[in-house]
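Asker: Handing you a structure now.
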Amino acid sequence: MSVERDEEYLKFVPHSMSYHVVPGAEFQCKLGNHNSRKLSTIDEQDDDVANRRGMTHQILATCAVLLLSAGCGMPIGFSAILLPQLTDTNSTEIPIDVETGSWIASVHSLATPFGSLMSGPLADYLGRRRTLIISVIPLLLGWSTLAIAKSIKVVIFARFLCGFATGILGGPGQVYIAETAEPNLRSLLIGAPYVAYSCGILLVYSLGSMMYWRSVAWCANILPLLAMVSISCIPETPAWLLRNGYEKRAMQALTFLRGSEISAQKELNDMTQRLAKERVTTRTNENIFQLCCQRVAIKPLVIVIVFSLLQMFSGTFIVIFYAIDMIKDFGAELNPKQAAIGTAAVRVVCCMVFCVILIFVRRRRIMIVSGIGSGMFCLALSVYQYARHGQPKMSYDVMVGGGCLLGYIIFNTALMVMPGIMIGELFPARIRGRTAGGVFASMNVALFIFAKFFPALQAFLRMRGVFLVFGVSSFLLTAFMCMFQPETKGRSLEHIEDYFNGNNWLWFRRDRGYKTVNLQTLQPLKAIRGTDA
């Protein structure tokens, strides 16, 4: 078909003649003799080259964000190497007690919500890319201050700056990837920041096992500096540029990200039409609270908030924080440094595997399987601990407990990554930046409170009761997402927004047309020639 089309086309256009795309036209070629005809598609070989170039550019843009994500993952795990070195009896440089150590560990989580609250307005008014660059500044200041700290107050302040930077990054990073990636590639790329976070934690654990904590702090400045340079070389998201009146720059960004000017022009035309319809129906004096109360926004807000709360009660982050203590509770004797590196390595591998699974498996199916698997392993561990209560520790207790915990981590990794993916995909474009920052802030506040009171909960329920709560919450999460979560794999962000504009709340009452994606039909060459004649 392609050869026949080329032969017919060459009857009218010699090899030496070129054509250019006319903005606003539908793939129309303007020739020197003013003869013109419409093309249904570009040459298949050129199309493949353009697609590969566009995919490469999208991956490179995502990698720039991932460098910063890895840099912000390092302060998350830094307290695990800092506190043992400060509490070492041979070290009297900055003496600390248990209470001071808890503040050093938790102040990072306390500072993150403040950064998240600022990230939303910054992302909407300055742009996603500039906000990411701004987040590097407090991160560099935090690490540098930590490296030269001489008192405990300076250490806590430096940890606060690092947590503040992590908060600024979270929302804009997910939104940037979601708005620049094509639907078929978004499945892989949007989960990658969690791989980067895990790699940052693993990196700081590894450095801490070999170096003094001040040297680790100086080394931690390398990734943010590389990220700043890399992010400066990638374009702003086309969606933000178009909404703020930079149509020419939006076209340039789309051409870079899609690899083809023709594909970019078509996508820009669709975005422009959609934006025009949206502005007709939106009042100019509406504030963020009024916008969030609209049907298209309130539905994803409820889904993400309820999911995040059930995720916390299913133990996703608690197991990360207390995995070593839990294994010790089974009766195992562990080297803390090796155990920390081992758990971080398992987390990295699980996140990588999950990102690959996202390419092939639908979101709803992933969450249902993950919730059921997490719940079953938690219930099995709880029942086993209740059965063994009051009996002496045996060697197989460690094997059973460690095996159940490993199975839980494998299945629960999907639940850990999904909130970031949902924030990038579900929220409407007009409030995506601000709502992403607000939701990340709320999640971090809830996580800080839950993590702070978990030791008291553990003392009251014991570990067997804690895992029972984790298991029940996992099953409740599965039931909730089965009823309310829409399928987003392969859908464009505009298509997902249209789903939430509908009257339904429950997934099984959706418009059945949501299963299909509207594709523009291609006309045969002869038919086109007949109409042009």
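Going from the start of the chain as shown, residues are counted 1 onward.
Every residue, even glycine, has its Cβ placed from backbone N, Cα and C.
TrEMBL entries are annotated by machine, without manual review.
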Asker: Of the ranges 104-124, 188-208, which one does TrEMBL list as transmembrane segment?
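Answerer: Of the candidate stretches, TrEMBL labels 188-208 as transmembrane segment.
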Asker: With TrEMBL as the source, identify the stretch among 235-254, 435-454 annotated transmembrane segment.
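Answerer: Going through 235-254, 435-454 one by one, TrEMBL gives transmembrane segment for 435-454.
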Asker: Using Cβ atoms and a strict cutoff of less than 8 Å, what residues sit near the transmembrane segment (155-176) while being 6 or more residues removed from its termini?
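Answerer: Contacts of the transmembrane segment (155-176) (Cβ under 8 Å, skipping residues fewer than 6 from its ends): 61, 65, 68-69, 72, 75-76, 78-79, 82, 94, 103-104, 107-120, 122-123, 128-129, 131-132, 134-139, 141-143, 145-146, 149, 190, 193, 237, 420-421, 423-424, 432-433, 436-437, 439-441, 444.
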Asker: With Cβ distances under 8 Å as the criterion, find the stretch in 188-208, 301-324, 344-361, 435-454, 466-484 that has the most pairs with the transmembrane segment (368-387).
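Answerer: Per the Cβ count, the answer is 466-484.
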Asker: Please compute the mean pLDDT of the model over the domain 'Major facilitator superfamily (MFS) profile' (59-489).
Answerer: 85
Asker: Need a quick answer: max count of Cβ pairs under 8 Å to the transmembrane segment (188-208), which of 132-149, 344-361, 399-423, 435-454, 466-484 is it?
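Answerer: The stretch I would name here is 344-361.
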Asker: Mark yes when the transmembrane segment (132-149) and the transmembrane segment (399-423) have three or more Cβ pairs under 8 Å (sequence separation 6 or more) and no when they do not.
Answerer: no
